[in-house]
Amino acid sequence: SAYWWVDDDLEMTMVCHRPEGLDQLEAQTNFSKRELQVLYRGFKNECPSGVVNEETFKQIYSQFFPHGDASTYAHYLFNAFDTAHNGSIKFEDFVTALSILLRGSVREKLQWTFNLYDINRDGYINKEEMTDIVRAIYDMMGKYTYPVLKTDAPKQHVDAFFQKMDKNRDGVVTLDEFILSCQEDENIMKSLQLFENVI
């Protein structure tokens, strides 16, 4: 996973300045207070202002995908982290999402992934939204990762997924359809887990 300052070694020295509401964050997430302190130190090192805007997010994220273009996927990812829809990600936003992605239940992870794919936030995923996300992932991974793929590969990928997910054939996928499909079909779940690794 491309969490650029999540360190495996959580036995680091304590941070001097604790974020506001550390106890509250501990209660709301699956992280211990010590882990939150380490994460906060890393966050402040990367983002001294305490917030990340989209341009900074794209710059940091693109460093992990030098062979591809990560800007479009980073845009969608940023929007998923920016739950207040105010154009910036605070530590609280980031650590809440991180908690779900790293330590959430399967349902919580799937709900978060659904929200990522629901670009216009209308509560449904349509085929265009799914295609946009999948194409952004292919672009980000680059030609070195997928050297033999044709340009229509993302569309074929989405067509197969969408057909399985859109249970009632109404042209959109609901959260319930999304979760049910992922739990029923191991291949979909595996693909989503591959996609999760780029989150």
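From the backbone N, Cα and C atoms, a Cβ is placed for every residue, glycine too.
Features reported for this protein in TrEMBL:
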type   : residues : note
DOMAIN : 69-104   : domain 'EF-hand'
DOMAIN : 105-140  : domain 'EF-hand'
DOMAIN : 153-188  : domain 'EF-hand'
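For the domain 'EF-hand' (105-140), the number of residues in each DSSP class (helix H, G, I; strand E, B; coil) is 26 helix, 2 strand, 8 coil. Secondary structure by DSSP for the domain 'EF-hand' (153-188): 26 helix, 2 strand, 8 coil. Counted with DSSP, the domain 'EF-hand' (69-104) comes out as 24 helix, 3 strand, 9 coil.
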